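Asker: Below is one structure. I have some questions about it.
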């Protein structure tokens, strides 16, 4: 027994030391990867609690203090919102603490890159404490999350525009016939996918025998935007390219689809109402995957040439090369003794995760506490529909503005 006890103690000590070493290694190599992992963990916890935490929340008197106990779906939604609230507070606190950092000699730079055991512990404590806050606080957070989610989607639109314009400039700058042909081929593929996808939208969301004027308008209006993109991009004064126009066209068509597929399952123009369970699981998986990829991309682009993400003092603020691979760059910068400007805005970086926490909560709860309308379905309901549709229109407006602004204001830098 004594030998077994000693062996177990040694194993536990080795495991703790291994965890400490792994966490420290992650912090030294890339804080951004670790933050993305922590955010992904929060999504997994939210998903799990959404499925299993309802009976526990029903037994807590400070949560279930109603005269009539709500439906089970209400407690599932409440569990997701409380985890999201804790996640939001954690990253918001970090965003506030990191404001104004200009160089790596700032003591807060170490807080951003290190101390991972303490940060993970604080995250767990904050999320745990959220299950003791009043329901009114959670309800208020749910209300503001709808607006925060909209801001998150707009940030993703800005990043997408930055990416497609950078992609086009990179291939054009090579000034070789091969790359010009590649631009043409990719553009044609995107346009073929756009029009094919639009045909499926008409088939799925405008069934014969039903008055589906709204769906028809949304699909047709998206196609009109596709033609507008091409006309504006090819205008002689704009001197644009078809590649950004084709990619944005495909993205706007996808947003139109994601909006239409989020229509209530009892809506007669939604052909997916007969496959509620399958669509729910697919919507959840695609939505969470898209959120994680968006946040990871935001983290990677945080050190690129995007002025929105990089402070003016950053050595990369005027560089067109993305911060890849960022592991080696960060290790080299940390080894320098002289004062080195930070490569990206730490505060904005954490703000991205705060907004993403709101968006993931809305995704998992169907953008509304009245989940009884859609039952177990995820990301279903009219609020979700209009958030996606309006985001598509905002994408169109920002893209057109990115093309015409240099022509209208030639003396300004965009």
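Yeah, the Cβs are placed from backbone N, Cα and C, and that goes for glycine too.
TrEMBL labels come from automatic prediction, so no person has curated them.
Note that the structure is a prediction, hence the values are computed from the model and not measured.
According to TrEMBL, the record shows the following:
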type	residues	note
SIGNAL	1-18	signal peptide
TRANSMEM	79-99	transmembrane segment
TRANSMEM	120-141	transmembrane segment
TRANSMEM	147-167	transmembrane segment
TRANSMEM	179-205	transmembrane segment
TRANSMEM	217-235	transmembrane segment
TRANSMEM	242-260	transmembrane segment
TRANSMEM	280-300	transmembrane segment
TRANSMEM	344-365	transmembrane segment
TRANSMEM	385-409	transmembrane segment
Asker: Going through 120-141, 217-235, 242-260, 344-365 one by one, which has the most CB pairs that fall under 8 Å from the transmembrane segment (179-205)?
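Answerer: Per the Cβ under 8 Å count, 242-260.
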Asker: So, does the transmembrane segment (242-260) come close enough to the transmembrane segment (217-235) to give 3+ Cβ pairs below 8 Å, pairs being at least 6 apart in sequence?
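Answerer: The answer is yes, given that the two segments have at least 3 Cβ pairs within the 8 Å cut-off.
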Asker: Is the transmembrane segment (120-141) packed against any residues at least 6 beyond its ends, judged by a Cβ distance under 8 Å, and which are they?
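Answerer: For the transmembrane segment (120-141), the sequence-distant neighbours (Cβ-Cβ under 8 Å, at least 6 residues beyond its ends) are 23, 38, 42, 45, 57, 60, 62-63, 65, 78, 81-90, 369.
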